[in-house]
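As given in TrEMBL:
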COMPBIAS  9-24  compositional bias 'Polar residues'
COMPBIAS  36-101  compositional bias 'Polar residues'
COMPBIAS  227-241  compositional bias 'Polar residues'
DOMAIN    331-428  domain 'Fibronectin type-III'
DOMAIN    432-521  domain 'Fibronectin type-III'
DOMAIN    525-613  domain 'Fibronectin type-III'
DOMAIN    617-712  domain 'Fibronectin type-III'
DOMAIN    714-808  domain 'Fibronectin type-III'
DOMAIN    812-904  domain 'Fibronectin type-III'
DOMAIN    905-994  domain 'Fibronectin type-III'
DOMAIN    995-1083  domain 'Fibronectin type-III'
DOMAIN    1086-1186  domain 'Fibronectin type-III'
REGION    1-101  region 'Disordered'
REGION    180-260  region 'Disordered'
REGION    281-313  region 'Disordered'
TRANSMEM  1213-1231  transmembrane segment
Amino acid sequence: MSDTKDRNSNCSSQIQQSESNGFETSEDALPLKNGKGQSQGQDNTNSVQVTLTNGTSLQQNGNVGNETPPSLQSSTNHTPNGNSAQIGANITDTGQPNNSASTNQHVVHVHVNPGETFSVRLGDQIQHIQGPATVRMVSNNGPPLPMPMQVPPGHMVQQIVDEHGILTHVILSPQPAVPGNPISGGPNSASQYYQAPYGPSYSPHQQFSSHHHAHPGQTVPPHLHSGVTQVQTPAGHTCSTHAPVHSPGPSPPMNAPDDRAARQRIRVKKKLERRRINEANTPRIGPSRPRRVNGDVHHPTMTCGGISPTENGPIDSEDDNTFMLQYLSNMPLPKVCDIETRSALIQVAAPEEDAEIDFDTTDIKYELLLSDKGREAKYKPVYSGDATEITLKDLKPATDYFLRVCTVLNDDLRGSLTEPITFRTASCEPDSPQPPKLVSRTKTSIMLKWNAAIENGSKISTYTLEYEQGDSFVEIYNGLQKQYRVSRLHPATRYTFRLAAINGIGKSEFSEPVSFYTSGTVPSQPDPPMLGSQFVYALTLSWIKRPNDDQFQLQMEDESSGHGFLSVYNGSSLSFTIRNLRRNTEYKYRLAAKNDEGQSKWSDVVCYRTLPEQPSVPAKPQVKGRLQSHSFRVTWDPPADEGGGRITRYILQLQLDDGNGNGYETVYEGLEREHLFEHLTPGHTYRVRVACYSSGGQSEFSEAAVVTTLPVVPGQCPSPKLQGKPKATSLHLRWSYPDDNGGAPVNCFAVQMISPDNTMREVYKGQDLDCIVAGLSPGRPYLIQVRAFNKIGAGPWSDSLEVISGAGVPDAPKSPSIVCKSPHSAIISWEEPFNNGAAITEYRLEWQHRTDQSDFFQLYAGPKTCYEAKGLIPASLYTLRVQAVNSAGAGQFSTHATCVTPPSSPSSVSTIKTTTTATSITMTWREPANNGAEIMGYNIDIGDKIINVDRVTEHVIDDLQPETVYRIKIQAVNEIGVGAFSSVAKVVTRSLPPSPPKLQCSMVGSNFLKLKWGDGRNPDSLSYTLEMEKPDNSFSTVYMGPAQTCKVNRLAELTPYNFHICASSVDGHGPYSEIYTFSTSKALPPVLKVPKVTSICLTGCVIEWQGCRSMGTDTIVYQLQMQCVNVPDSFYKQIYCGPNTFYTLDNLEPKTEYSVRVCAIRQGLTDEDNIAGVFSPGYTFCTQSPEPVKCVSNRTSETKVPVTKPLSDQQKAMIIVVFFVIISILIAFIIQKVIT
């Protein structure tokens, strides 16, 4: 039997059982409660490979066969002690396809217990398999079905399908069983005992105890013992006789309430009872999935050892599913308890049981969905099963989670999700941090750094760094820094560190220990390099890294070159491949290790040899003989270089060059240098290449020879297809390439059309895959054919496509007629055009307001032929057009019709802006639309009167009352009439501005005047403006602000100045005051420098001082005063007053201290007008003692002319600096002029 359908309809399995007191299940044959049916003791099973004559392969841990064997028969063999052995054949369907086979393969494992024999019928032969063994059966024909098997007399078969779709067959020996308690495979699995009718009794040889393998967390079912006697079935009895079906129970009463809910409950109850009976009596194959036929749900009918679940039509309906969904959706909210840092216990409950439905809640599964992104975020499934208490593991600490649950029945009915419930995990100590990283190192210190650890809800307070000392770790750092320098270490020593983080909750686990070395000494001599891999032109060498090694240097010596050892590698890797070597040549190598301290001694010298070379590339294959459409012959020459060995075989590969990336396929291996390729595709290009083998290995493949078989004409094209709906005068056709292009590219297509009068014409010929056939008559039938061409010729015509052309669109209407009723409305009408075969259903009227606009806007759409347009703009140009629409589409637009609406009175003024003073209002507005007639003027209504103005947009209304409310509105006037008034503008005039204050001069100087006004208070927040008259008789502002004093600087002495002042407030500027005149005073002469005293002798000296410039027309004289310091209570006395800047003083006392000072006096016309300046600082000097010293001064003359003294060094240096500064300024000025 080659497919699943035959195995279901003609089952040849024979199930035999003997009369006994009962049965017990075999330990290795009983499936687990979760239905996976895994047997123990499989580690000791033998490898079994069974190959059937029809290509089926049965094996244990081997390759996959082709299909399920048609018949399997097991028999009972006696153990060495003469007793009958129990056969425990556990057949498990994994339901998963094998990776090495196609995706439709299904695998079934048959487990044979130790000491037992499993018999397999292969055609006419029977092969025996000794246990322990696992026989693997692979089917390519879909899911596993009931396995046709024969069992020894007195045995029985149990078929179990769990929730994962795994089918398990259990062959049980006869043992006592408790009546009415069949063994099941768990709440989610269906089991069926194959039990034949009563027959002659059979006594078993031996009884065996039962052992159940329970799933963790589930209870173990008790041992089954019964006194019921089993009967056997003759060996020749086939499985066409079905096992008896259990009664489904009493039918519901016929006089139940005739309402929808009651009928639904009855149907659901029946369905559940029948399903429960079906699960108890019928073997399930694969997952329990109902089959839907014409809207009704049926369960698949079993014909091999199965029971038909129903006989009178469907048992499911859409109403039943809806009722069950409502029941499943009525699920209470889950409960979350025992919330810890990384786990939480979820408690779920089934929906409340309905008294009208006898329903087993253990059939319900629960699906949990969890989200940590938010209530509305995406939820992820975390659990699916029948448990009511689920512990969620691997949660994140201090995280908000949202949970939703739904119920699932039989994997096909799924209730709605509950509302999300939220819970938050507790905070905990931080996660274990990453190990510290090395930043730098010296001989006595190591610098470490690390990254921040995950806080888990509590901020990290400190980090603890420890290092290994002996057998324990010692803390060396505790703080918040993420780096630390470990000092006082030993050179070239390994130190191991670990890190932990501490927050408010506790301390994290320590990180993985990490070791670092301090800088050390020069490495010792390393071992010679080791040979890793040998190649023809390369050698791979490797070496071992010691704790003190950082870098390595590898040197090679080629004796044929005579250059000695040369470096070929420098680095930290532990292996290196030396390339570009000669084949089959010996080379010498040595190795040295380096670190920061230096380089070690060279290692011992070692010698390694390269491998011989592979053969060279064979010659390119050549075509021999004549090319055919389906075959060609190639030949090739041997390689020029055999690589030092004999050619052992050639490999010939073929590749179809179709652009799909198909690889080469080996078609020939041998010593012959000629091959014939057959069964090829016409017109296809093939690539042929050859390689050879020798003792040196395989050569590279030769250059590929490109061979193209002869093409033929293309095949028949598929029938063309209509693209879109047919139009009245054209059709859009599309076609595709033929399945077979004959081996040559299709270069052309021809389309032929057969008209209703049976005339044929070619409507298109070209390379495109679509065309538009035009020039058709509306509503006519046409036949379309297409054929393809290649370089050989034309292929056959395709099947005909029959199509009927559609109706045409209406003609364009005549230009519409427009009659203006008023400046704001017009009536548009038009005539009905020809409809071209389809009634006109709609007219579309579009208009355009201005000619500078290119877009038309739809004004009306409907079946009428007239329309009244309202809301038009006066004196405006409108352009209109209309088109008709029928079932074929929209026709062309009519020619444009234009009209100009008559003019109208102006529009209302929209925007009015006002500026007020105490007695006037200044109004501005925007000119409104004139509506076709030029505006002549405006009417301004201020309440008690109307003011007529010309065509202006600004007007001032004078002679108004202060602090008065005025309501103003404006209307425009043209030759048509007056427009509408604008909205009322409410305006309030301001109060009168304040009066100017009295101006006074509080302080007079030679270059300034300090003015004052007011009494120092400013309760009304007034602002003052002070102005001064300029020489051109105009005034300029010198101060503006709230202060009441102002100092006017930079004035000339003895000069009168005119001022006036005004006050301003929020109501405006007040009037200016009268003009006030104030004059500045004379300036004092400047203070002179300290006088100099020269030519000091016993009784005299010369006093000099620096003069000052003249001030205006006044003369400057100098007053010199002297004071005797040694005389108590003395005061300065005038000794000189005149225009000179020096004075010779006589009649002084010897060895006496004197003090002199000088001031400038500005002389006026009278003595009262003289102004004396401030005296200079006093200069104190002492006359000489009465020793005989020649007096320098000449006593005969009171006044002496001073002698010119030579310049000092400082004065000369100052003159030179000033000179260079002036020269630099001149040069910079000249350069600037040149640049500009």
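Numbers run from 1 along the shown chain.
Glycine is treated like the rest: Cβ placed from N, Cα and C.
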Note = Counting only residues at least 6 beyond its ends, the same-chain positions whose CB falls under 8 A of a CB in the transmembrane segment (1213-1231) are 1207
Helix-strand-coil residue split for the domain 'Fibronectin type-III' (905-994), DSSP-based = 0 helix, 40 strand, 50 coil
Message = Looking only at the domain 'Fibronectin type-III' (331-428), how are its residues distributed among DSSP helix, strand and coil?
response = 3 helix, 41 strand, 54 coil
Key: Summary of DSSP states over the domain 'Fibronectin type-III' (1086-1186), given as helix, strand and coil counts   = 3 helix, 46 strand, 52 coil
Key: Confidence summary for the domain 'Fibronectin type-III' (432-521), mean pLDDT rounded   = 92
Request  = Please work out the helix, strand and coil residue numbers for the domain 'Fibronectin type-III' (812-904) from the DSSP assignment.
outcome  = 0 helix, 45 strand, 48 coil
